[in-house]
Amino acid sequence: MIYEKVAEELISSSYTIAFTGAGISTASGIPDFRGPQGLWKKYSPELASIEYFEKDPKNFWGFYSLRMRGLFEAQPNKAHYSLAELEKMGIIKVIITQNIDGLHQKAGSKNVIELHGTMRRSYCVLCLRTYDSLNVLSMIEKGNLPPRCDCGGIIRPDVVLFGEPVKNIYEALSIAYESDLVISIGSSLTVYPANLIPQTVKERGGKLIILNMEETPLDSIADYVVREPVEISLPKILENVRQKILS
């Protein structure tokens, strides 16, 4: 059975990392981006670009505040909790995520690298003062659009917008360079340069496990591919790991 084999790989690995995408959070009510019901089927990606923020911050925040509210209301699902437990057991060393929802930390994960930033924090573009994004939402709900800092600068979410470089990519790639196993969870593996992380592990002689409902460009080089919702597959993997450790 594939879950037993994946569990064996995780246990025998000396340095496993998890690479997560939007698909791990869909069961939490957060739409992915490129799937059949994805966010970019309903909205133009331009709305989440640095160019649009600079050109029209008022309407940028009109879109982003709606998305932000949905992320704050979301709760971790079984996939997040299973990953946090695997980290607690020492199986997963680092979680590298493309997500900005903060659900890994909410589920109890400690060692998380956020490639695209976090929706939970915002900052002033002039003085760089940081804000809890919940407080920024309160400003917007009181009619302050776009939200402004005390210094007069416009506040923006601390996320990577289209047209901006990815955060922490070199740190993430250095970790991938040392890893002998990467488990990719809920990622389309189409977004560059983030998709270099699983590729780097494979190129260094490591193994790649893909958990994703849709096909990915890296399926052909993966050691295992599991086509099942990740909120189902990850708890099964966790249970198999527990059984093998206890036996």
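Just so it is clear, glycine is given a Cβ too, placed from its N, Cα and C backbone atoms.
Annotation source Swiss-Prot lists domain 'Deacetylase sirtuin-type' at 1-244. Annotated NAD(+) binding site per Swiss-Prot: A22, T26, F33, R34, Q98, I100, D101, H116, S187, S188, N212, V230, in sequence order. Residues annotated as nicotinamide binding site in Swiss-Prot, with sequence analysis given as evidence: F33, I100, D101. Swiss-Prot lists H116 with the feature active site, proton acceptor, giving sequence analysis as the kind of evidence. Feature annotation from Swiss-Prot assigns Zn(2+) binding site to C124, C127, C149, C151; the stated evidence is sequence analysis.
Sequence features, as recorded in Swiss-Prot, placed on the structure.
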residue : record                    : contacts (Cβ under 8 Å, 6+ apart)
Q98     : NAD(+) binding site       : T20, G21, A22, L115, H116, S187, V191, A194
I100    : nicotinamide binding site : L71, E114, H116, G117, T118, M119, P157, V159
C124    : Zn(2+) binding site       : Y131, C149, C151, G153, I154, I155
C127    : Zn(2+) binding site       : C149, C151, G153
N212    : NAD(+) binding site       : G21, G23, S184, I185, G186, S187, S188, L189, V225, V226, R227, V230
Binding-site residues compared (A22, C149) - highest count of Cβ atoms within 10 Å: A22
Recorded positions listed as D101, H116, C151, S187, least Cβ neighbours within 10 Å: C151
Structural state of C124 (Zn(2+) binding site), classified by DSSP into three states: strand
Beyond the site residues C124, C127, C149, C151: chain residues whose C-beta lies within 8 Å of the centroid, for Zn(2+): V125, L126, L128, R129, R148, D150, G152, G153, I155
